[in-house]
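Pulled from TrEMBL:
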- His4: active site, proton acceptor (ACT_SITE)
- Asp5, Gly14, Asp16, Ser18, Glu30: Ca(2+) 1 binding site (BINDING)
- His135: heme b binding site (BINDING)
- Thr136, Asp187, Asp195: Ca(2+) 2 binding site (BINDING)
- 93-111: compositional bias 'Polar residues' (COMPBIAS)
- Cys6-Cys15: disulfide bond (DISULFID)
- Cys63-Cys263: disulfide bond (DISULFID)
- Cys142-Cys173: disulfide bond (DISULFID)
- 1-267: domain 'Plant heme peroxidase family profile' (DOMAIN)
Amino acid sequence: MHFHDCFFGYPSKGCDGSVLIDSTSSNTAEKDSPPNNPSLRGFEVIDAAKSRLEGICGGVVSCADILAFAARDSVELSGRLGYDVPSGRRDGTTSLSSEASSNLPPPTSNVGQLTQIFANKGLSQAEMVTLSGGHTIGRSHCSSVAPRLYNFNGTGQDPTLDAAYATALKQQCPQGNSNANLVVPMDAISPAVLDEGYYVDVFSNRGMFTSDQTLMTNAATAAQVGQNAGNRMLWSAKFAAAMVKMGQIGVLTGSSGEIRANCRVVNS
């Protein structure tokens, strides 16, 4: 959720908590754009944290900061990796679904497209590979995986997919499935643990998305995949640094923005 918040709408916006704002009758917000709905979950966690903070020190801690802290805590809880997060972000006052397509990398992205999208946010290709490791936890909807299984470039299965892995995915995401809520874990071995498993999978042609497996098509990114797969501590340190840098994209400070009283609604 923190990643989607920071990448949405930049350079006009960044890590400003706008992904938390609810849609209205006159505006479809970021959280209801196709890349975010129904993928993003956990809004109630942010609401609960905000409610407790407002009861102790109202109008002080922004929703954008809460989201950055929650992302850090999620990393620590799932991967035993802690890092310090700068605070002081303020909250944005707009949230537009229409800004999704040009900012968030789709699962069909190739390595060149990914490199450019991250460069647009001030992040290097190496940091792109590092942050891609976030796919070691969480889940994907079958609708995002099905094209690689059944209609890759109009020819059937993506030939780069490991055969056994493809068979397992097809069992979980059967062809013609009409259940929009059907999901599959991003990392079949340790789906709730933040570890180097993502890179082990990609190195073994078990990347779930094209945007994962494409990292093996470039010499530099493939070398980083191999390095990260064999050295969890090295990747963890790089991941922490990249998360901190990402969390500074397009932040609002000083008198810009506001401190929302309710993370779902801009202040009146």
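Cβ coordinates come from backbone N, Cα and C, glycine included.
Taking all protein chains in view, 29 other C-beta atoms sit within 10 angstroms of the C-beta of Cys6 (disulfide bond).
Across the compositional bias 'Polar residues' (93-111), DSSP classifies residues as 4 helix, 0 strand, 15 coil. Proximity note: of the listed recorded positions (Gly14, Asp16, Cys63), none has a CA within 10 Å of the CA of the residue listed as 'heme b binding site'.
For Cys63 (disulfide bond), the same-chain residues that are 6 or more apart in sequence and have a Cβ closer than 8 Å to its Cβ are Gly17, Leu20, Ile46, Lys50, Asp91, Arg260, Cys263. For the recorded Ca(2+) 2 site, residues Thr136, Asp187, Asp195 set the reference point as the centre of their Cβ atoms, and the other residues of that chain within 8 Å of it by Cβ are Gly133, His135, Ile137, Met186, Ile189, Ser190, Pro191, Val193, Leu194, Glu196, Gly197, Tyr198, Asp201. Looking just at the domain 'Plant heme peroxidase family profile' (1-267), the mean pLDDT is 94.
Straight-line distance linking the Cα atoms of Cys142 (disulfide bond) and Cys15 (disulfide bond), rounded to a whole number, equals 28 Å.
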